[in-house]
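I have placed the structure first, in the form of structure tokens, so that the comments after it can refer back to it.
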Amino acid sequence: MAIEAWFMDETSGEDQRLPRHCNPKEFVSLDYLAELGVLYWRLNPENYENDEELKKIREERGYNYMDLLDICPEKVADFKEKLKSFYTEHIHADEEIRYCLKGSAYFDVRDKDDRWIRIWIKAGDLIILPAGIYHRFTLDTGDYVKLMRLFVGEPVWTAYNRPQEDHPARKEYIQSMRTEKVGMALEAY
Ligand code: KMT
Ligand code: NI
């Protein structure tokens, strides 16, 4: 099954690790995520060391850097602080590419109307968040995820917390969303 994504209940005061569905639930399609520039692949996590499909994605997109990261209270120094910074809304100057090898977690991204969409990644899910998209990350109640991080060249993980309306990556992202809309309108025409 493909990943699940849904609009979040933003009024909920529940734990960030809970799903925070709206009532009734409002799921979001992969097409809608693609309109936001969020890309998704389903791969075989058992075979990540010899996976031709992963190799192809890495070659095509120039992801020559790779590392692995376990996120859970036992393995991350200053766990609480770290998770707090991951869950603070931010952007990056580059794509954020994460491949889930074990466990599960949530990436939240803002849509065009500034609504939060929660994307539930599990083993086998590779997602790419475009540069300039507002997002945040949290573990779910399973409290464990093993992620592969990919990057083009020397990795830069710098997070720029919202607001970042003057950041070049943000401006470019907003511009690309406009172009996308015009493209869709022309297609309809
Ligand atoms: C980031 O920028 O590292 C995040 O958004 C957290 C996700 S994966 C550690
Ligand atoms: Ni990030």
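Cβ from N, Cα, C; glycine included.
Features reported for this protein in TrEMBL:
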BINDING   His90, His92, Glu96, His135  Ni(2+) binding site
BINDING   His90, His92, Glu96, His135  Fe(2+) binding site
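Shown on the structure are the features that TrEMBL records.
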residue	record	contacts (Cβ under 8 Å, 6+ apart)
His90	Ni(2+) binding site	Tyr134, His135, Arg136, Ala159, Tyr160, Asn161, Arg162, Gln164
His92	Ni(2+) binding site	Ala131, Gly132, Val156, Trp157, Thr158, Ala159, Tyr160, Ala169
Glu96	Ni(2+) binding site	Ile128, Leu129, His135
For the recorded Fe(2+) site, whose residues are His90, His92, Glu96, His135, find every other residue on that chain with a C-beta no more than 8 angstroms from the centre of their C-beta atoms, and list them by sequence position. Ile91, Leu129, Ile133, Tyr134, Arg136, Ala159
